[in-house]
């Protein structure tokens with residue numbers, strides 16, 4: 001006879017418990033236990049509880065490999081969320097089976113022991129406990145998504161718990177508190193330039209070594225700016241450019257029967273002696289000509305302000321569809337679906353990334369139905385709404401590269417390594433490096449051959465390449481992993497994209513767009529074709545109407561909210577748990593450093609404070 005002590009932990013969150021009967025089978029190398037009920041009489045598994053039982057077998061099962069869990073209900077068919085199951089054998093060895101998976105219905109669920117042995121003799125269906133997700137095409141030319149007809153068709157693991165739904169409803173009520181700082185400073189050139197480094201879209205600006213011929217700024221102006229800079233600035237270059245050519249020719253929306261307008265501007269910046277990023281020239285269309293004047297800070301107040309506002313509207317549209325929707329939300333969904341389709345729950349990559357995909361499928365389902373559908377807020381109330389969304393997403397997919405998703409490469413490619421007061425870069429690089437160190441230290445792969453021979457891993461990256469990057473090899477995305485270093489970089493990119501990058505382009509939306517003139521979703525008049533015509537009345541008539549403003553403000557507030565989540569411990573071995581502890585310690589240290597720096601800043605940059613960054617694209 002052999003006795004096993006089984007302890008079942010139920011997750012501590014709303015509706016996680018069950019009153020149904022729970023059955024278990026222990027599977028070892030030498031055999032299996034009887035499929036028996038835990039508890040002689042009716043036993044309730046309450047939220048947050050740990051319940052211990054004894055399972056008796058006729059003989060020792062040897063090393064434990066699997067457990068089968070089954071929940072049987074007679075009348076009430078409720079769901080149950082076990083956190084983990086611990087099994088201690090008669091010789092004292094402890095086996096841990098991470099679950100963190102909603103169980104519903106009367107069927108068996110298979111879970112491998114957390115140490116993650118490769119079980120080649122088991123059928124593939126026994127290696128997974130999730131519902132097999134399927135791919136679907138939302139719109140041609142965009143990354144594929146999960147196939148789901150209704151919210152209730154999503155797997156329970158990927159739906160918000162009841163408590164989080166309450167947060168959505170409660171927070172949306174407070175959608176009209178303005179950012180005082182933005183309201184007071186939005187007209188200022190220094191604040192306009194600051195936002196290209198530390199605003200909600202720090203992805204457009206790059207160092208300008210050669211001025212493009214389509215932007216004929218007087219050469220003597222550039223010469224004067226360069227000659228007045230320090231020798232260090234002259235060597236590195238202190239002129240910067242944001243080029244919105246991707247917006248050129250995008251078909252614009254009609255809102256309340258009125259045609260809308262979207263510029264495709266070029267903006268030139270100069271880093272002055274106070275290390276401020278100052279706009280010095282704006283051209284609102286890509287093709288130079290007499291009907292496309294270049295605006296300067298020396299122009300009339302409203303000529304210059306109007307030009308800057310067209311830039312901010314262009315930036316709003318490109319930010320929301322490219323850098324926010326595509327490069328965080330849609331990519332995160334691809335990572336999540338491929339993860340659940342291809343990797344067992346005890347795979348080290350699954351353990352690392354599952355918390356970074358939490359709730360992404362639900363938020364994206366909601367986004368497709370409430371934001372970019374035919375009746376969605378983005379479709380109805382932005383200049384790029386309607387056909388423009390598809391055009392812009394298609395162009396954005398074509399322009400997306402692997403290097404642009406990896407912040408060290410992206411910063412280097414844009415020539416921004418030494419720009420002062422660039423807090424997105426400073427905090428982002430530190431977060432990337434902390435994540436990279438964790439991935440390096442925690443992986444079990446001892447050599448490149450182990451990576452190459454991991455079929456589950458290779459299937460994961462292949463599906464990401466095919467369904468997320470649409471088989472475009474020019475993006476530089478790996479089609480397979482050949483080295484440990486390649487794998488480490490890619491996993492770091494996924495972690496960073498789903499957490500830090502999403503926070504950087506999401507959290508500050510209401511801070512910066514809540515005061516509408518600082519980020520209009522659309523413009524109601526065409527870009528000016530000559531100078532000297534703008535005044536306060538014409539400026540106000542160009543801005544969005546009240547209905548558009550209210551709907552966009554409410555949306556960006558909701559998208560900027562913070563939310564809580566529960567903790568999952570998928571790693572059970574001492575070594576990776578130690579590395580996770582080191583990782584968390586480094587994050588706390590960085591958080592304190594950022595908070596200390598922010599105390600001395602007029603406008604604190606908080607979006608990449610680890611204390612405030614969510615693990616996943618969950619809002």
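From the backbone N, Cα and C atoms, a Cβ is placed for every residue, glycine too.
Among the features that TrEMBL reports, domain 'PLAT' is placed at 2-117. The Ca(2+) binding site feature in TrEMBL is assigned to 17, 78. If you look up TrEMBL, you'll see 102 marked as site 'Essential for stabilizing binding to COTL1'. TrEMBL lists 185-619 with the feature domain 'Lipoxygenase'. Marked as Fe cation binding site by TrEMBL: 324, 329, 502, 619.
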What is the interatomic distance between the Cα atoms of residue 102 (site 'Essential for stabilizing binding to COTL1') and residue 17 (Ca(2+) binding site), given in whole Å?
10
How many Å lie between the Cα of residue 329 (Fe cation binding site) and the Cα of residue 17 (Ca(2+) binding site)?
31
Cβ within 8 Å of the Fe cation site centroid (324, 329, 502, 619 excluded): which residues?
325, 328, 332, 363, 505, 506, 559, 617
With every protein chain in view, how many other Cβ atoms are within 10 Å of the Cβ of residue 102 (site 'Essential for stabilizing binding to COTL1')?
20
Could you check which of the binding-site residues 324, 502, 619 is the closest Cα neighbour of residue 17 (Ca(2+) binding site)?
619
Measure from the Cα of residue 78 (Ca(2+) binding site) to the Cα of every one of the binding-site residues 324, 502, 619, then give the nearest.
619
Which chain-mates of residue 502 (Fe cation binding site) that are at least 6 residues away have a CB under 8 A from its CB, listed by sequence?
324, 328, 329, 332, 614, 616, 617
For a quick check of packing: other C-beta atoms within 10 Å of the C-beta of residue 329 (Fe cation binding site), how many?
22
